[in-house]
Amino acid sequence: MAGLMKLGCLVFVFVIAAGPITAKAALSCGEVNSNLKPCTGYLTNGGITSPGPQCCNGVRKLNGMVLTTLDRRQACRCIKNAARNVGPGLNADRAAGIPRRCGIKIPYSTQIRFNTKCNTYIC
């Protein structure tokens, strides 16, 4: 569980980007999960030693999809649920390093943790 609590430093830091507020989030958990699924092997301490191009492309695509506050909050909820499903095999250190390893520039380092209140903390 401690490894999962480190989710904040995870991959998913990059989904928090500035954007205008709209009335309804257009982002679904299916979209979030499908974009991050290629990262699973890397994040679960398998034999994969780098995120790989499919993982990096998925992260870039997701980063470009979270345009509104509601989208970012929805992505936060989806990411927290997905990380719970991965379970204790999740490597938080690898997750935290994905933006750097993929060459993705993050404007700031908002962290998503299991105790993050996605509806109020993520703007």
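Cβ coordinates are placed from backbone N, Cα and C, and glycine is handled just like the others.
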Under Swiss-Prot's annotation, the disulfide partner of Cys118 is which of Cys76, Cys78, Cys102, Cys123? Cys76
Choosing among Cys29, Cys78, Cys102, which residue does Swiss-Prot name as bonded to Cys56 by a disulfide? Cys102
Disulfide-linked residue for Cys29, taking Swiss-Prot as the record, within Cys55, Cys78: Cys78
Cβ neighbour count within 10 Å of Cys55 (disulfide bond): 24
